[in-house]
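Undergrad: The structure follows.
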Amino acid sequence: MLPSTISYRIYKNALFFAALFGAVQAQKVGTSKAEVHPSMAWQTCAADGTCTTKNGKVVIDANWRWVHDVKGYTNCYTGNTWNAELCPDNESCAENCALEGADYAATYGATTSGNALSLKFVTQSQQKNIGSRLYMMKDDNTYETFKLLNQEFTFDVDVSNLPCGLNGALYFVSMDADGGLSRYTGNEAGAKYGTGYCDSQCPRDLKFINGLANVEGWTPSSSDANAGNGGHGSCCAEMDIWEANSISTAYTPHPCDTPGQAMCNGDSCGGTYSSDRYGGTCDPDGCDFNSYRQGNKSFYGPGMTVDTKKKMTVVTQFLTNDGTATGTLSEIKRFYVQDGKVIANSESTWPNLGGNSLTNDFCKAQKTVFGDMDTFSKHGGMEGMGAALAEGMVLVMSLWDDHNSNMLWLDSNSPTTGTSTTPGVARGSCDISSGDPKDLEANHPDASVVYSNIKVGPIGSTFNSGGSNPGGSTTTTKPATSTTTTKATTTATTNTTGPTGTGVAQPWAQCGGIGYSGPTQCAAPYTCTKQNDYYSQCL
């Protein structure tokens, strides 16, 4: 997610054939262009490392689409202003406006190939498009929902072409699987057209929420000619797996008092879009792990331990207190695989703030050491985030720039008035003058990010199960019989049969616990470490 004003925009005119008009979230469906979802394969893995391909699809958020009069082709929204005749109020606007299909490659710079999705920053066709936000689909009318408790989520990413100020974000939100189609009678478009977005910032820049327009109370943005804030926002829990460019990265859980999507009113929404940031029902800050912010300035970046000049595999594990999918979320772990080596997440170097994973204790200590308000605990902490993961969340893949704070919260000093030696201020090596969207759009229009090779499965099942890019048919891949692993600066080559075989347990795989029947010996130099009675892991 996106902790600042989302800057996905389309520059529009009034010509029908351009098919690139105001970026809005419509609820009715037009007939000018058929909606065809690009295919994107992903995999589910079993405990033995065998993975099965799912034939998924992606859909672009409705906020990017052309929306026009249902009886013609007049824009409902142009620049950052509503058409007063078509949209005098929320209900009339929803009734009068229709949403069209998308030309993914030519208009939005979004292309797929096998299991890969490539997003381009600036796409110039008849008009100019900035960034994009897409969702994984189960079928043409339904978002895929992922339940990640006691699971790990793995994907490959190439951020080599993302400079300071850009954010290639892959994350989960508690959207309705049908995009709100069944809950809200005013919504006739649904997930097929990318409706129903929500996140922990309770965004108010959405043009339609819960089947109604957001025109009442709409204030055009003073910095973004194509955006504004309405009287309502759309709230839900958010799990940021990956927010990154080539300089910095962070992963961040954001719980809400109630995980699912709900509409909020005005400044009581809280978050980036409201005057009272902490006045809502969600945690806008979250509890983040950014290696640079935690004190290790040589871990992630060009030529560093995790080398952003190369594609990498990112593994995120969601551990529970009892080692089951019905347990309580207790820890979120991160590690990387690059050049055949497993790389442990960096350790925090600040006094009284040790560790390399997220737990309730770590998050409380971080808020104290960094002097931040502990809204993470206020809104449920790990337990609150776990409630959302248990219900199932929708996968979001995006690329954006930041009109609110130039992405300095990710890759530079924030606040800019702070001293870089003060704990928590420095988040990356980018200059505080970097990240201006106008500069990025002018000087880095060809910036891009590629997400690929998505896998989900039991702990230890996904990161050593091959890196194929399958086509449309269902296939399976088995883990390699050998792997080169790295823990800190030590490298070892070991043979393994996978976590439930009779040989040696893989690095970071399960190696013990109640009900576990796999190998209990870890590959050197790893040690089987008890996490709880139900789960031990090779660390």
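Cβ coordinates come from backbone N, Cα and C, glycine included.
Here's the feature list from Swiss-Prot:
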| type | residues | note |
| --- | --- | --- |
| ACT_SITE | Glu238 | active site, nucleophile |
| ACT_SITE | Glu243 | active site, proton donor |
| DISULFID | Cys511-Cys528 | disulfide bond |
| DISULFID | Cys522-Cys538 | disulfide bond |
| DOMAIN | 503-539 | domain 'CBM1' |
| REGION | 27-461 | region 'Catalytic' |
| REGION | 462-504 | region 'Disordered' |
| REGION | 462-503 | region 'Thr-rich linker' |
| SIGNAL | 1-26 | signal peptide |
Undergrad: Rank the active-site residues Glu238, Glu243 by the number of other Cβ atoms within 10 Å of each Cβ and report the first-ranked residue.
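TA: Result for the most crowded candidate: Glu238.
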Undergrad: Pop the Cα-Cα gap between Cys538 (disulfide bond) and Cys528 (disulfide bond) into the table, whole Å please.
TA: 4
Undergrad: Near Cys511 (disulfide bond), which of the recorded positions Glu238, Glu243, Cys522 can be found within 10 Å, Cα to Cα?
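TA: Taking Glu238, Glu243, Cys522 one by one, the ones whose Cα falls within 10 Å of Cys511 (disulfide bond) are Cys522.
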Undergrad: Taking only the residues in the domain 'CBM1' (503-539), give me the average pLDDT of this model.
TA: 75
Undergrad: Fewest other Cβ atoms within 10 Å: which of the disulfide-bonded residues Cys511, Cys522, Cys528, Cys538 wins that one? Let me know.
TA: Cys528
Undergrad: List the Cα distance (Å, whole number) between the residue listed as 'active site, proton donor' and Cys522 (disulfide bond).
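TA: Just about 32 Å between their Cα atoms.
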Undergrad: Between the Cα atoms of the residue listed as 'active site, nucleophile' and Cys538 (disulfide bond), what distance do you get, rounded to the nearest Å?
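TA: Their Cα atoms are separated by 29 Å.
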